[in-house]
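Data block below; observations after.
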Amino acid sequence: MPTLLLPSPIGHHYYSLFYLLAFAVNQALLLWEGHRRGYPLRTWLLLMACTTLAFILGTKLIAVPTAEWVAWWQHGQWPTSTMRSALGGAISGTLALLALRRWLGFSWHVFDAFTVPFCVALAVQCVGCLLTGCCFGGLAHDGLGLSYAPGTPPFLTQVQRGLIAATASHSLPVHPVQVYQLLLCLAAGAIILLVRRKPWPGGSWRLLGLFLLLLGRFWMEFMRDPASERVGATLRPVGSIVLKEVQWVLLLLVAVSLFWWLYLVRRSATVRPATIPVNHTLRNLLGTAGLLGITAMLGPWALTLPEVLVIKALLLPVLMLELGRLLLNGSRAATQPRLVGLPLGLASLVLLFTNQTPVDSASRQSYWSVTGGVGNGRFSRMQEYESSGCGSAPPPPAEPFRHHYQSAHLGVAHTAQFYRERNGRVRSRSVELGIHGMVGRDRAYDDSTGVLTRSQKLLTIMPYGILHTRYVSGGIGFWVGSLGYNKRGATYDVNSFDTYALLRVGPKELLYAQAEYNSPVAGLGNPATRFGLGSQFRSGGRLQLLAGIAMGKAYEVPERSRNKAFFLEASLRPQPNLALEPYFTLGGREFRQASVRLRYDFRGKK
């Protein structure tokens, strides 16, 4: 039996490399397909970003173990599984297309545009799975087999089963199911191209592609090792037939896709031509804002940094093109001038504010602010192992660590206030653009011995933008630098990038609700997610209190520990230009934060 020994993936990043390459190939092919079909670029980019995010989330959600969902429901502990399954991505991507197709103005033919790029991208990803050793097959007793180096998922699985010794030079040969999957994807894509000129209704090619891929996956499950299966590896008998749980699901999906495809192609006499959508600026901006919000909130738990950058790389051109269109229309329409509010650093913050009120009807005031402060805190967490591949290798045991951190920061902001009179009442809003610079140190102690294990310098900048109105405020920004050991996936890796988001609803002078993600109030070390209620008690801004609950990242915490606490934040203004802002947490023994900031406003008219 011919056997091929693959190079060791230890010390390499084959999976991540081909994972990103697959996204790049998919997006490039989709751009070409959209251009070939005449789809408007802005709307097409938005749809690409939505389906990409749905695919990423689907690959992970379907592979989350039931125990982690129970932990999330009972204790608020977000799933930490790093496993993925393309089956979940295919399902979630299809559902996203179903939800957005009509709203964005596409016909059913848009489903077909995604078929061939998906097949090619999946084939590229199979190379990463092949070299990494995830998604491996069962023992190959005849035919072509692949042997893997020590430390790979097939090797560790065979050692655990007692099939080979831990000192063996390589694993026993296994079926090259990753190669079979690669060939299946290329064959499915080739078949779709061969029948692309058939007079079929829109969506027929998508269903045919899904049928071929699902049927091939069903067949390959007979050769795949259950230890490498992310979903439904347990055998389930139905009568005298015994199949894996995932195979029963695949069998159902194969039947549905086949019968649906046959139903559509038999209606070929009533084929409707493809509909080319038109660009709707408001829809594009609403969709982009919603997608950015989802990415900001789910990013630390469900998305890696490259995945976040992929989504933002698709959305940034949408914002820039919409901005250019607004500015161009505003310069041409002298009778209906437009005021476009563009935050400084749009390319970095991916944030856009627009206003269609004539310039002459509004007055403007602006001023600069300087903020300085210090903060400290502590938190406990477990050491996690950041695995490579699809997550089939068993992780080492976790260990508890206790982190103490201190930081100081200095920030500069520019606030522009706009006043407009309507129906005898003056309405105002403001746009705040700023940047925070922070420096500090994190010290990690072994929780069992109290010994200092490492000390890390913290240094970061955080540009941000916030839009304030009387009843609603929203903001977004990002952290770049050395942020501390609050990264969900790896204790020993310093978090180098994160996002910031703010949403406030309600009049501040009476009562408002606030949600804040990665709040900079306590400085560096462990930025918190906060939910609270606040009020200025009709004091004209001289006194403001905000109270609620603060939570750390979704890292695993030691037994009987918590990563949340109540908090209280105040803003005291002894004079209009000066504010003292203390903040501290209550009731959290392992999760503590305290800080004090001083802000001075250089108010003046511009």
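The backbone N, Cα and C atoms fix where each Cβ goes, and this holds for glycine too.
TrEMBL does not curate its annotations; it predicts them automatically.
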From 203-220, 311-328, the residue range that TrEMBL assigns the feature transmembrane segment: 203-220
Chain residues in Cβ proximity to the transmembrane segment (12-32) (below 8 Å; excluding those fewer than six residues from its ends, i.e. six or more beyond): 44, 48, 52, 113-114, 116-118, 120-122, 124-125, 127-129, 131-132, 134, 306-307, 310, 314, 388-390
Paired segments the transmembrane segment (203-220) and the transmembrane segment (83-104) in contact, 3+ CB pairs under 8 A: yes
Other parts of the chain folded back onto the transmembrane segment (83-104), taken as Cβ under 8 Å at six or more residues beyond its ends: 43, 46-47, 50-51, 53-64, 110-111, 114, 118, 122, 125, 206, 210, 213, 217, 230-231, 246, 250, 277, 283, 287, 390-392
Non-local residues, at least 6 beyond the ends, that sit with Cβ under 8 Å of the transmembrane segment (44-63): 23, 26-27, 30-31, 34, 79, 81, 83-93, 95-97, 100, 104, 106, 110, 114, 230-231, 284, 287-288, 291, 294-295, 298, 302-303, 307, 310-311, 314-315, 317-318, 391
